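Asks: Features from Swiss-Prot:
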DOMAIN    4-95  domain 'Core-binding (CB)'
DOMAIN    116-298  domain 'Tyr recombinase'
ACT_SITE  Arg159  active site
ACT_SITE  Lys182  active site
ACT_SITE  His250  active site
ACT_SITE  Arg253  active site
ACT_SITE  His276  active site
ACT_SITE  Tyr285  active site, O-(3'-phospho-DNA)-tyrosine intermediate
Amino acid sequence: MLDTSIQALINKWQKYLVLQRNYSNHTVISYNNDLKHFLEFMNYYNSELVTINHIKTADIRLIRSWLAKRNCDNFTASSISRGLSAVKNFYRFLEKTTQLNSHIIFSIKSPKKTKLLPKALSEDDVVISLEHIEEYGNVKWVELRNKALLVLIYASGLRISEALSITKLHLQNLEFIRIIGKGSKERIIPWLPIAKNLITQYLEILPYKLGDNEPIFRGKQGKELQPSVFNRELIKLKHFYGLPQHLTAHSFRHSFASHLLEHGADLRSLQELLGHKSLSTTQNYTKTSIKHLEAVYTTAYPIKK
């Protein structure tokens, strides 16, 4: 439970993130959850309802205790780092809007993240997935929605959040999709006919009327489709066909990148298609491709000694 004055500050902070910093709704929700977790811990730590004075005077021992609790609760290094970033962001907002001076929290460094290589699916697993995803949905328009969405992600390398933001306006250009990705960075993705045709077929039987600016992928009740709902459909597919455990909507984006690289795409082009700010992020796919080639060599090369 939060003091009403603090909740009002949080509401202003959220509006600031959306309107002035152009943060996505997904990021704002994640940041809000992280901040509330921090404030709930502060409630417990101080044994009383948090006030603005508690927030302003929070010391390094409290903050490190909160980070340690997250670690004990099995949060990943990435989640802990994001949580600290969220709280720091809130404190920066307080610096701009209240009398808060530079706070000790800005001296705390984020934990080092373990670099995990992206896991792609084999081309065979992708084919199986695309052929059978329509079997899950119960009604025709949902089945077609699932296939159209999965083909779109694999054919374009979109993040699930980007794919779910597609509107009718995106369909008006016959050659490319203009995507606003992480950090409000714009990129141009070529339309593949198979993806656009499936989306057109899906919209023809969608039982809900949509405006040009509304996301086209809908849930069964007509609301915007959530990533978790689509991933549940993929879990059913994965279990029934014995597909890899790492199969998720995001794994098809990884597969898009890895398969293009294996078929001769250059890193700079791939960086543009994926919307990576840094080429070093894209270079992770070269490591997975090398591992794939090593595996092929080990199992198939006739001279192994």
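Using N, Cα and C of the backbone, Cβ positions are placed for all residues, glycine too.
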Asks: Looking only at Cβ atoms, how many others are within 10 Å of the one on Lys182 (active site)?
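Replies: Result for Lys182 (active site): 13 other Cβ atoms within 10 Å.
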Asks: Compare the C-alpha of Lys182 (active site) with the C-alpha of each of the active-site residues Arg159, His250, Arg253, and give the closest one.
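Replies: So, of the listed active-site residues, the one sitting closest to Lys182 (active site) is Arg159.
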Asks: Output the one of Arg159, Arg253 that, of all these active-site residues, has the highest number of other Cβ atoms within 10 Å of its Cβ.
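Replies: Answer returned by the neighbour count: Arg253.
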Asks: Tell me the Cα distance separating Arg159 (active site) from His250 (active site), rounded to the nearest angstrom.
Replies: 6
Asks: Translate the DSSP assignment of Arg253 (active site) into the three-state scheme.
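Replies: Once the DSSP labels are grouped into three classes, Arg253 (active site) ends up as helix.
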Asks: Counting by DSSP secondary structure, give me helix, strand and coil numbers for the domain 'Core-binding (CB)' (4-95).
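Replies: Counting residues per DSSP class in the domain 'Core-binding (CB)' (4-95), I get 76 helix, 0 strand, 16 coil.
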Asks: Taking DSSP as the reference, which of helix, strand or coil describes Arg159 (active site)?
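Replies: Reduced to three states, the DSSP call for Arg159 (active site) is coil.
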Asks: Roughly how many Å lie between the Cα atoms of Arg253 (active site) and Arg159 (active site), rounded to a whole value?
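Replies: Taking the Cα atoms only, Arg253 (active site) lies 7 Å from Arg159 (active site).
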Asks: What number of additional C-beta atoms lies within 10 angstroms of the C-beta atom of His250 (active site)?
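Replies: Its Cβ shell of radius 10 Å holds 18 other Cβ atoms.
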